[in-house]
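Annotated features in TrEMBL:
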type	residues	note
COMPBIAS	1-12	compositional bias 'Polar residues'
REGION	1-23	region 'Disordered'
TRANSMEM	115-132	transmembrane segment
TRANSMEM	190-209	transmembrane segment
TRANSMEM	215-239	transmembrane segment
TRANSMEM	307-324	transmembrane segment
TRANSMEM	352-372	transmembrane segment
TRANSMEM	393-415	transmembrane segment
TRANSMEM	435-465	transmembrane segment
TRANSMEM	486-514	transmembrane segment
DOMAIN	542-709	domain 'STAS'
């Protein structure tokens, strides 16, 4: 679009344009920009080009494809053993030690046997090592995902006729099924892992499809306040679910809407059945672990490695429980027999896919959102690039492949990723070291945890959720920074806690999107004033010592103009300028009709041509007061479009209506600071007019528009004065004097 602030030619007759000044001021620069010719776009050619790129098979393309799919092939040959190996080994060992108790405790959260948590962390670390672009992420069991998996598993256990108590290992009559590994009738534990495997398979399929279809941008819709509120709400739900282990109570596991409240009701209802042994050991473990964890967090920069207090407490508690026989003497729940080695691979149960398809979707979304978020955070911190779509494929494979090896859904784990980064990891080689540590446990050490109390595992789970609960301390600062983000956080947190995790996530996403719509539907709008002796224009209601420009109003609308805020645009424009052109235009025809009626009566009454001439002359010189348009304090309205990213067809219609409405009352409308896309939309939508005066209404800056408006008004006043003088020629004046 050609954009000018004045024209060298004379005034053009343009229904959509504005009068053009006769001459260009000496200090005014004529701006004319020539756009590039748009390149021809052919969908067919684009598809054929992409198809040729994909289908071209050569040695180099195969190597490039494999390196993109398995980034380890790219960075491992350049691995520096001297500078990177030590940090990876130390970090991998420490993370592996911490992962042992957490793997077992999170298994209970997912409603699975402890061995399956070890399987999950072992396989995921190996797969992520080969396919990840992040150097610091740790992928394995994550508390929020384990909670969601456990809720889905428990719901299907009920549908299959299994009891709520984990000791109830037999289905109701008629519900026995055969195990996937051919061991006979499938008990409660077998059916639980069958559901988890099928769920993990679907989660992996979803995530891989999102990555292949290049939909990694979906993660941006899960904002930081939304994710923070969801994690905090899920943390409260997890803590509530673990309280029965700390108290040694056998209460049903509630799922769905209101499970948080119902669980606490049951806790207080059966509080008299508390197992004193479990309660005492839980309190002692909390009293030991929490202070040491706080010391680790406070002095993490001075300490070479955090003290593995969780593993130490688990070992000591296991030894004490074994020698004092807590299981038999005090009826405490223990982990029981944990097998060694690996089980034969199995296939997910396809018959469960229809009922698990919806459950897998939020798990997939939260899984890749947490993974990509953590990967990008540490990628920026350490100066390397993370490919979001490849991360989605990597986390999808970490769920798809392990689903054949008795693993449940996983993602990047926040606490272990932070530990991994703080202990000096350099690459994903540390993940291999962690897998070796877990392999030792799986092959030889796992049976030693037979006497470990489940209450200790509940303590480990609760302690690791402190980070989510600490977000409550950040809400005052968040409120000062952005009240709307704080409301998103609270809405997501409360809905995730009081309703359910899946519905809470959906509510949070919908509410966040509504907030975005609300921000654009009722944006800030202001009248601008000029900073003295500059070309800067700012909000008069925000800054002091701004001068208004005589008879010119500059209006800025700080949002795109589209169908949702079109009415608000007009309303706030009329309020800020103090002029409603629609009401004024509706009033003028009545005044003009009354004036014409009076003129006709006067003509018949006078009856002579001279009297008629004199009355006409008088009306031309001084029209009646009631026939004049109401006086307004502006001749030009300038719309600052600098904050508008786009306008749709409805927004374009609103601009046209605004222009014509103000034109009816003698006010010209100019646009300023339009970006190229808006200029293109204006040109294609016919805003520029049919006579080619397109530059007159869209200026590159507000100052250019102001200068043009002032010059236009000056020329217009001179033309009006000349016309008035021409009406009173000398002959008429002499005739009137002789009378």
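Quick reminder: no glycine exception, Cβ is built from N, Cα and C everywhere.
The stretches the transmembrane segment (435-465) and the transmembrane segment (307-324) are in mutual contact, each linked to the other by at least three Cβ pairs under 8 Å (pairs 6 or more apart in sequence). This prediction places the mean pLDDT of the domain 'STAS' (542-709) at 73.
Tertiary proximity for the transmembrane segment (307-324) is limited to same-chain residues at least six positions away from its ends with a CB under 8 Å from its CB atoms, namely 94, 97-98, 100-102, 281, 285, 288-289, 292-293, 295-296, 332, 334, 448-453, 456, 459-460, 463. Within its own chain, the transmembrane segment (215-239) has Cβ neighbours under 8 Å at 109, 143-144, 147-148, 259-260, 365-366, 368-370, 372-373, 388-389, 391-392, 414, 461-462, 465, 468-469, 471-472, 478, 485-486, 488-497, 501, 504-505, 508-509, 512-513, counting only residues six or more beyond its boundaries. Most Cβ pairs under 8 Å to the transmembrane segment (393-415), among the stretches 115-132, 190-209, 486-514, belong to 190-209. Nonlocal intrachain contacts for the transmembrane segment (486-514), taken as residues 6+ away from its ends with a CB within less than 8 angstroms of a stretch CB, comprise 144, 147-148, 151, 221-223, 225-226, 228-230, 232-234, 236-237, 255-261, 359, 362, 365-366, 471, 475, 478-479.
Non-local neighbours of the transmembrane segment (190-209) in the same chain are 110-113, 116, 149, 152-153, 156-157, 160, 162, 171, 177, 179-180, 183, 346, 348-350, 352-353, 356-357, 359-361, 363-364, 367-368, 392-393, 395-404, 406-410; each lies 6+ residues outside the stretch with a CB under 8 Å from one of its CB atoms.
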